[in-house]
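I have placed the structure first, in the form of structure tokens, so that the comments after it can refer back to it.
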Amino acid sequence: MIAIYPGSFDPVTLGHLDIIERSVPLFERVIVAVLCNPHKNPLFTVEKRIEQISYCTKHLKNVEIDSFSGLTVEYARLKGAKVLLRGLRVLSDFEKELQMAHTNKTLWEGIETVFLATTKEYSFLSSSVVKEIAQFGGSVTHLVPENVSRDIYSYYS
């Protein structure tokens, strides 16, 4: 079975990688799908985010990195995936993600959403938190992969 793990991943965090690595044994293939959202002003280009994630997941043989725009369920259908993978940190994530799962189901009956609870050490972590810390000169080396922290420091220098 193929699973899609969609997100902006701007930047990819250790929490994202935790979800990816824990999903690998559960599915034949995991596609990490980087969203191209024209309404957001990203820190990194889609191409750079794909490069960052590819570097971090190169040891995972059944992980593929791609990008998409538009509806996630349409992308999943195009890729032959029946599962959307989502990480949950806190209760408010669950409320938002459950609503989205129900919405996606109305768009395509063939899609299921699988939730993975974030490992406790990453329960506070988000890309927004990383960007805010970095913007004010704080260290993010314990929050993102090494290659990503270098890119972040380069961006803010």
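Glycine residues also receive a Cβ, built from the backbone N, Cα and C atoms like all the rest.
Keep in mind it's a predicted model, so treat the numbers as computed, not measured.
The substrate binding site annotation in Swiss-Prot covers Ser8, Lys40, Thr72, Arg86. All chains included, 21 other C-beta atoms sit within 10 angstroms of the C-beta of Arg86 (substrate binding site).
Among the features that Swiss-Prot reports, ATP binding site is placed at Ser8, Phe9, His16, Gly87, Leu88, Arg89, Glu97, Tyr122, Ser123, Phe124, Leu125, Ser126, Ser127, Ser128, with the record citing sequence analysis. Other Cβ atoms within 10 Å of the Cβ of Ser127 (ATP binding site), summed over all protein chains shown, number 20.
On its own chain, His16 (ATP binding site) has Gly7, Phe9, Ile53, Gly87 as residues at least 6 apart in sequence with a Cβ closer than 8 Å to its own Cβ. Annotation comment: Swiss-Prot describes His16 as site 'Transition state stabilizer', evidence class sequence analysis.
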Greatest C-beta neighbour count within 10 angstroms, which of the binding-site residues Ser8, Thr72, Ser123: Thr72
Cβ packing number for Leu125 (ATP binding site), 10 Å threshold: 21
Recorded ATP binding residues, Ser8, Phe9, His16, Gly87, Leu88, Arg89, Glu97, Tyr122, Ser123, Phe124, Leu125, Ser126, Ser127, Ser128 - maximal Cα separation rounded to whole Å: 18
